[in-house]
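Engineer: Below you'll find the structure I mean.
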Ligand SMILES: [Zn+2]
């Protein structure tokens, strides 16, 4: 079996009105995330991990942030576009593990919905997706509630 690993990391800054969208799930928050797209930092990290695993660059190359086509884009649609490329190259998901790093909003109440939604977007079992969340104990930019960071690791497998 051909096994490929990929990792992704993304950050978006708080600004303007809430809510935020994380893992394609709308979560109440007193501030939103500033971005060209919907600012879904988790899906961006996952898309980058998938692109990394297949050696296809990063989402900045695929979806340039100066391209008006992606203004306010639903990152779920962007992730599915990346996923199509992955499957067209003959790969399937073995597992995906991701961490959301933020002081706000609270992720735990939404963790299962996020896991389910990502499984739906990729058409895989929810058991292949793990979503974790952590604060940074009020340290650093996430601790100061300046933004949200996300990290993701994926493992892909192909028959040949
Ligand atoms: Zn992003």
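Placement of Cβ uses the backbone N, Cα and C atoms for every residue, glycine included.
Because TrEMBL annotations are produced automatically, they should be read as predictions rather than curated entries.
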Engineer: Of 44, 110, which does TrEMBL put in the divalent metal cation site with 10, 12?
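Structural biologist: My reading of TrEMBL gives 44 as the candidate in that site.
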Engineer: Measure from the Cβ of residue 144 (4-CDP-2-C-methyl-D-erythritol 2-phosphate binding site) and count the other Cβ atoms within 10 Å, all protein chains considered.
Structural biologist: 12
Engineer: Just jot down the residues in the same chain as residue 44 (divalent metal cation binding site), at least 6 apart in sequence, with C-beta under 8 A of its C-beta; none if empty.
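Structural biologist: For residue 44 (divalent metal cation binding site), the qualifying residues are 8, 10, 12, 37, 59, 75, 150.
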Engineer: What's the number of neighbouring CB atoms sitting within 10 A of the CB on residue 59 (4-CDP-2-C-methyl-D-erythritol 2-phosphate binding site)?
Structural biologist: 25
